[in-house]
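Just below is one structure, and these are the notes that go with it.
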Amino acid sequence: MTNKTYKIAVLPGDGIGPEVMEQAHKVLDAIEKKHAISFSREQHDVGGIAIDNHGCPLPESTVKGCEESDAVLFGSVGGPKWEHLPPNDQPERGALLPLRKHFQLFCNLRPAQIHKGLENFSPLRADISERGFDIVVVRELTGGIYFGQPKGREGEGPQEKAYDTEIYHRYEIERIAKIAFESARLRNKNVYSIDKANVLQSSILWREVVEEVAKGYPDVTLNHMYIDNATMQLIKDPSQFDVMLCSNIFGDIISDECAMITGSMGMLPSASLNESNFGLYEPAGGSAPDIAGKNIANPVAQILSAALMLRYSLGEEEAAQSIEAAVSKALSAGELTADLAGDKPALTTSAMGDKIAEYILNS
């Protein structure tokens, strides 16, 4: 059987990006050996390193490399070295936001779960964290109050005011809702749509459209929940949730809360998709310049981002599951990097990558 070859644009970026990306490469190498898949990988500069080498955070050559690929595996960008630059020229705002805009990445997927054996890291009460949870936040990325017009400031003195506008179109709600329901079909078949329909006109439309989309998914249960209640329920009993469907601003809040209650930010992957299932896959955490180059960073988020890439952009579900199973096996065996090991011996970044790749090869 001939191997199917996928073209991947690899953008390691700054800080810990290159060293955790190296571990993702090891895991993809193992996947090539175990499954009938090959990866053609091309590396490109992005963020601070691109500023140093090309004079801007997102060179034209990097954009072209991404355009010619099936998916983008992204590391992390930013660091103190570039903080003096104007905001739009800094690595974060000058690279990630233009990439999202260029590829019309309207959907952000943020999985959050407590892995077996890591319940103690959650800030939640033990009886809650021990029940575990496995949530995917599906966040609309390009609409809502962050981008709505008009926005601005005017006036002075006591009459000075500032304003933003929350706008959602029917088509924007429909397409994000469909992704949430499709995701739920692969999971526990429950969608929780988060809104503020008791106050906001945009949320009333959101709820109406989500209910219409739900009719096409009779096998999936739809639940509506107000944003204020949802933030409380995540603390009280996160195990009740499966897929959480959110607008841009509500998804921003909910996905960060989900990340915090896992207790291990270095474990959380993220995906941003467009309507063609082309995606950018990255760890949810930052570039951690304080630990860069020390071989102690946790590579799991980068490795799990590669699993999401296999699932959502490449349609290789079996390969995605084999990565996730290998990660779970390593963690439940107590093989942990310094951020999680506590007073036990810790694995280095590279040793963790080796271990997960080994579990894939031996599965």
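If you go along the chain as it appears here, the first residue is 1 and each next one adds 1.
The backbone N, Cα and C atoms fix where each Cβ goes, and this holds for glycine too.
Note that the coordinates shown come from a computational prediction; the quantities given were computed from them, not determined experimentally.
Marked as NAD(+) binding site by Swiss-Prot: 79-92, 286-298. For the recorded site, GLY79 (NAD(+) binding site), the DSSP three-state label reads coil. With a 10 A radius on its CB, GLY79 (NAD(+) binding site) counts 23 other CB atoms from all the protein chains.
What Swiss-Prot records for ARG100, ARG110, ARG139, ASP228 is substrate binding site, and it gives sequence analysis as the kind of evidence. The C-beta environment of ARG100 (substrate binding site), restricted to residues of the same chain at least 6 apart in sequence and closer than 8 Å, consists of LEU141, THR142, SER272, LEU280.
Residues annotated as site 'Important for catalysis' in Swiss-Prot, with sequence analysis given as evidence: TYR146 (among others). According to DSSP, TYR146 (site 'Important for catalysis') sits within a helical segment. The number of other Cβ atoms within 10 Å of the Cβ belonging to TYR146 (site 'Important for catalysis'), over all protein chains shown, comes to 14.
DSSP classifies LYS196 (site 'Important for catalysis') as coil under the three-state reduction. Summarising the annotation, Swiss-Prot assigns site 'Important for catalysis' to LYS196 (among others).
Residues annotated as Mg(2+) binding site in Swiss-Prot: ASP228, ASP252, ASP256. Of all Cβ atoms in the shown protein chains, 17 besides its own fall within 10 Å of the Cβ of ASP252 (Mg(2+) binding site).
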Site of maximum Cβ density within 10 Å, from binding-site residues ASP228, ASP256: ASP256
In sequence order, the recorded positions (GLU83, PRO91, TYR146, ASP252, ALA288, ILE296) whose C-alpha falls within 10 A of ASP228 (substrate binding site): none
When distances run from the Cα of ILE296 (NAD(+) binding site) to each of the recorded positions ARG139, TYR146, LYS196, ASP252, ASP256, the nearest one: ASP256
Cβ contacts of PRO91 (NAD(+) binding site) (under 8 Å, same chain, 6 or more positions away): GLY13, ASP14, VAL46, GLY47, GLY48, ALA50, ILE51, PRO57, VAL77, GLY78, GLY79, TRP82
Site extent for substrate (largest Cα pair distance over ARG100, ARG110, ARG139, ASP228, Å): 28
Recorded positions compared (ARG110, ARG139, LYS196) - highest count of Cβ atoms within 10 Å: ARG139
